[in-house]
Amino acid sequence: MSTKEIVLPLVIVQIVLLILFCVFGRYAPPGGDEKYPLFQDVHVMIFIGFGFLMTFLKRYGYSSVGFTLLLGSFIIQWAILCQGFFELNADYKIEIGIESIYRADIAAASVLISVGVVLGRTTVPHLLIMGLIEIVVFSANSYLGTKVLQVADAGGSIFVHAFGAYFGLAVSYVLNRKKKNKEGSSETAASLAEANYTSDLFAMIGTVFLYIYWPSFNAIELEGSQKSMAIVNTYLSLAACTITAFAASMLLTHEKKFDMVHVQNSTLAGGVAVGAAANLMIQPLGAVAIGILAGVISVYGYSRLSPLIEKRLGIPDTCGVHNLHGMPGILSGLFSVLMAGIATEELYGADLYSVYPARDATTGRNAGEQAGYQLFGLAITIAVAVGTGLLTGKLKILEF
Amino acid sequence: MSTKEIVLPLVIVQIVLLILFCVFGRYAPPGGDEKYPLFQDVHVMIFIGFGFLMTFLKRYGYSSVGFTLLLGSFIIQWAILCQGFFELNADYKIEIGIESIYRADIAAASVLISVGVVLGRTTVPHLLIMGLIEIVVFSANSYLGTKVLQVADAGGSIFVHAFGAYFGLAVSYVLNRKKKNKEGSSETAASLAEANYTSDLFAMIGTVFLYIYWPSFNAIELEGSQKSMAIVNTYLSLAACTITAFAASMLLTHEKKFDMVHVQNSTLAGGVAVGAAANLMIQPLGAVAIGILAGVISVYGYSRLSPLIEKRLGIPDTCGVHNLHGMPGILSGLFSVLMAGIATEELYGADLYSVYPARDATTGRNAGEQAGYQLFGLAITIAVAVGTGLLTGKLKILEF
Amino acid sequence: MSTKEIVLPLVIVQIVLLILFCVFGRYAPPGGDEKYPLFQDVHVMIFIGFGFLMTFLKRYGYSSVGFTLLLGSFIIQWAILCQGFFELNADYKIEIGIESIYRADIAAASVLISVGVVLGRTTVPHLLIMGLIEIVVFSANSYLGTKVLQVADAGGSIFVHAFGAYFGLAVSYVLNRKKKNKEGSSETAASLAEANYTSDLFAMIGTVFLYIYWPSFNAIELEGSQKSMAIVNTYLSLAACTITAFAASMLLTHEKKFDMVHVQNSTLAGGVAVGAAANLMIQPLGAVAIGILAGVISVYGYSRLSPLIEKRLGIPDTCGVHNLHGMPGILSGLFSVLMAGIATEELYGADLYSVYPARDATTGRNAGEQAGYQLFGLAITIAVAVGTGLLTGKLKILEF
């Protein structure tokens, strides 16, 4: 999996985490237990879902699951601390409870998404460094977006999926140029994948658990009727996306079989695409429509765009993250702009102010302003992700 | 997995679903959140349980999981609509909430059971058509049975398992005759199964998740003490059935090994057999006893009856659905007749009227009448399943 | 998997269970439903977690999952009865409800731990007999420890993990001597393991599900703030342990790869080690620290101690249970002694008396006394486990 060089970084990292937990970590006051079953669903998505989904890379098969366990275990500790620094209590302590751990898992999703872009073309220590940096930026950007700008993004399509995808793509761009300059050539994403019957079935464990528990991912921050709506919307969007992805896969491939990459990935684009609007009044129709759109875009991306992006822009994307998290994340963000623009108290009742807290009397935003903030939040997230991703890739320590 | 012919049906189907959701779909009022964790258990059963259980067919290995994802995604959307048409609100809209989605998953179980009968001997488009028709009949029959006739069937042994099994067997009968007439011979169920070490382990993922979450399947419609009883009864019935199935497997096979088909399937017959009586006062003894009986019947079915049914009646049954869902479903139905006949207020207290709503003052059914309705519900379900299954198999479009 | 000899024992066992459920089994009064989601998590750990973790033994691959299903199904019925005999109601009946079934699953964990020691070196009937005896002793020892001595052990590190490990090691010691005397040689644990790419991935299914749901295992007996603390502590301990186990694995092996056995097992030692202190005021720092310690001890055990214990003491340990459950269990027990000794009302508030019921006014234990009881509980558990394990191994019926 990697050379002995990794021992020292791991030891240092875990000792630093220990010290930080000693200085800053305290238990949160009781509460949040009702979120625990949904947290467990998300936990399965992170460690089983992402872990097994990436076994499609046969020669990294085992490592993808073991590696997800290792990287995830580091990221969740680090994310508890980073996210906690933005919400220190009066004694300058981080209060750790159920909310901290499910938010740490969500942060881990963002890193695992970025990892999917460069997987197989870099080493474990480099991925740890990338994750270390990414979580800092992720936490700051999420805080800025959700707390300062008050952008509504229940399922994290903007701050988790789009962020993770574009951060990873930016890192991949720089790494690929470094490699070309050094070796004169670079390994293509396609050359890494050597799926077979067995590895495809293992990957389907990941796909199906992600499909099953995605409604929990999109609903975990919500309560009451918004929670039920997010569950129903995600359920419908994924179902519609799956049918569409299978059909599009057939249309866009020359063979007479479904392309396994589409089956394993594009079927899930509906979960991303409905995310930022999962708790909005999109109605079952809206959920199904966005699922269909996501399925088409994602399969099109895998079969047409990704090869172009690799060839023309020099950005290899091992797992096709751009097609599962990138474009569907932007789609979701744009949809959330539209929905914010037409949100009225008539449509939402009193829920309007829990969906869009900035629209209450104190801040007094109107629908158009909220739509503007949604768009601004999306744009700044992509800008931050690309900018910090490029810088991360340029770090001397990441000389591959 | 299939030819390009499937693209158009998939596109049409998803567009029609979109239009129907547009015209009829609305959010349900808040509520039902407490069912969400049990729904997720059932969701795992449908997509992981059924999907992986069917990987025992080595040459369909991958497709069984991917296909379950595709078919399931279609069926759950269609089932929400079909079941909703029987409960339109005052504005002629279907109210979609947590209840709709777990009921859609249960409906999908019934189709996946039927699919198990004909799996490997038909094409994906044909299975979609079969599912399309089956859900209409399933929804009508369930409505008739549970709402009109007020038959008690907490775990769906009658309306889901027996229905799905006999519908599938009827379809299989017709398809097999069509094939024989055309080709002069037909592929036997046995010839399709080419299990090996790896595919057996994948199948065990399905088996074990079905075993684990079956108590949730039988308890999801229940509340309070009935819910706990259904959980305990299903847990005990499955455990007793497993021991029995292993023993029976040894007795009835000539080899010195357990037959993997029995291990993967018959161990689960206890979940089906206890279903219709899961919330009844059968006591732990009753749960264990019915589990033992189910294990014996199921293994006997696999090793003795199924080959006869294929040879004499010309009904191949790829997954041995008759032995896991058919006979145990009938057993459960008959057991529910018996239990209804001896149900008194003394035994059940006030719960009697939530178990058997028709026995309250308004309808005024007595124990014997309720037993009669249980028997009638079982008989009519099998008749409807067989009748509509035969008609479905005869459809010109299903010329295999 | 085994010869026909197993049929009769299985039939007898299931009939005896049936009779015992008939005579003693009744439904518990309503209640305990809020534990059901956590029970389901534990249920996955037992049947998926343990089942797949043991597939690393390639040649026992399939059987490990099927066998876990068989043995587990027997043990959970038997454990409901054995544990129930210690809490008969006024009518001398065992009241069976949600609490009974999650406690039965926990008891099954203890037997599966012991099985891990002797796996691959004994037959199915012998393992059934071992489990039969072990559950009796387990139930008595747990009752003595938690109810009579009032030892606090929320996550079962002492009464489940340490007990199961040392019982199994004692059985293994005797069996190994019997075998040597008979055959002149004995099969080493190492010779049984023939892991490959595929079996390693299957084993990771077990590892990752155990990792994911371990917080539920440690929290299932708890309520309110203790429950949240147990969840957070277990989550952190496992994460820290995983990082440490990967680093230690690199340091202690000569190859340039992580040792899969460490990745699959030692990563989980943090769950065991934090168990007895999971609901104590150890703070996030304490959880991380104990996770680190557990990771080091466990990997050291696998790479250095286990070969010595096999060679010098003649105790083969197929799954390295001593390193995952034995030593981390003792570590947890000792940690619980320390924590009990410093527990004050100032630190715990009113929770002190729910954490340590014996410290209330009636019994009036002080901190030092409670610490003494914790140590005594740990010592007596190991003594009982070793003693009864030796006797079990010596049984004539277990002539291998």
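Yeah, the Cβs are placed from backbone N, Cα and C, and that goes for glycine too.
Just so it is clear, the model here is predicted, and its values are computed rather than measured.
The feature domain 'Ammonium transporter AmtB-like' is assigned by TrEMBL to C:36-395.
Annotated transmembrane segment per TrEMBL: C:7-27 (among others), in sequence order.
The transmembrane segment feature in TrEMBL is assigned to C:39-57 (among others).
Here TrEMBL flags C:64-86 (among others) as transmembrane segment.
Annotated transmembrane segment per TrEMBL: C:101-120 (among others), in sequence order. Long-range neighbours of the transmembrane segment (C:101-120) within the same chain, counting only residues 6 or more positions beyond its ends whose Cβ lies under 8 Å from a Cβ of the stretch, are 35, 38-39, 42-43, 45-46, 50, 54, 57, 59-60, 64, 68, 71-72, 75-77, 79-80, 82-83, 127, 130-131, 134-135, 138-139, 142, 156, 159-161, 163-165, 167-169, 171-172, 175, 187, 192, 217, 220, 316-322, 325, 389.
Summarising the annotation, TrEMBL assigns transmembrane segment to C:127-146 (among others). Below 8 angstroms of C-beta separation, residues 6, 9-10, 13, 67, 71, 74-75, 78-79, 82-83, 85-86, 107, 110-111, 114-115, 118, 153, 158-160, 163-164, 167, 171, 377, 380-381, 384-385, 388, 392, 395, 397-398 of the same chain, each at least six residues beyond the ends of the transmembrane segment (C:127-146), sit close to that stretch.
Within its own chain, the transmembrane segment (C:158-176) is flanked in space by residues 106-107, 109-118, 121-122, 130, 134, 137-138, 141-142, 145-146, 151, 186, 272, 275-276, 313-317, 321-322, 325-326, 328-330, 332-333, 336, 377-378, 381-382, 384-390, 392-394, 398, 400, which lie at least six positions past its ends and keep a Cβ under 8 Å from the stretch. Under the heading transmembrane segment, TrEMBL lists C:158-176 (among others).
According to TrEMBL, the transmembrane segment annotation covers C:197-214 (among others). Among residues of the same chain six or more beyond the transmembrane segment (C:197-214), those with a C-beta under 8 A of the stretch's C-beta atoms are 41-42, 44-45, 48-58, 61, 234, 238, 242, 260, 263-265, 267-268, 271.
The transmembrane segment annotation in TrEMBL covers C:234-253 (among others). Here the transmembrane segment (C:234-253) has long-range neighbours at 155, 211, 214-215, 217-219, 259, 262-263, 266-271, 273-275, 278, 284, 287-292, 294-296, 298-300, 303-304, meaning same-chain residues at least 6 beyond its ends whose C-beta is under 8 angstroms from one of its own.
Sequence annotations record features per position, and here TrEMBL assigns transmembrane segment to C:260-278 (among others). Residues 53, 56, 152-158, 161, 193, 195, 200, 203-204, 206-207, 210-211, 214, 217-219, 229-230, 233-234, 237-242, 245-246, 248-249, 253, 286-287, 290-291, 293-295, 297-299, 302-303, 319-320, 323-325, 328-329, 331-333, 335-336, 339, 374 of the same chain lie 6 or more positions beyond the ends of the transmembrane segment (C:260-278) yet place their CB under 8 Å from a CB of it.
According to TrEMBL, the feature transmembrane segment maps to C:284-303 (among others).
Among residues of the same chain six or more beyond the transmembrane segment (C:324-343), those with a C-beta under 8 A of the stretch's C-beta atoms are 113, 116, 152-153, 155, 157-158, 161-166, 169, 265-266, 268-270, 272-277, 280-282, 290, 293-294, 297-298, 301, 352, 355-356, 359, 367-368, 370-371, 373-375, 377-378, 381-382. If you look up TrEMBL, you'll see C:324-343 (among others) marked as transmembrane segment.
Among the features that TrEMBL reports, transmembrane segment is placed at C:371-391 (among others).
Here the domain 'Ammonium transporter AmtB-like' (C:36-395) returns a mean pLDDT of 93 for the predicted model.
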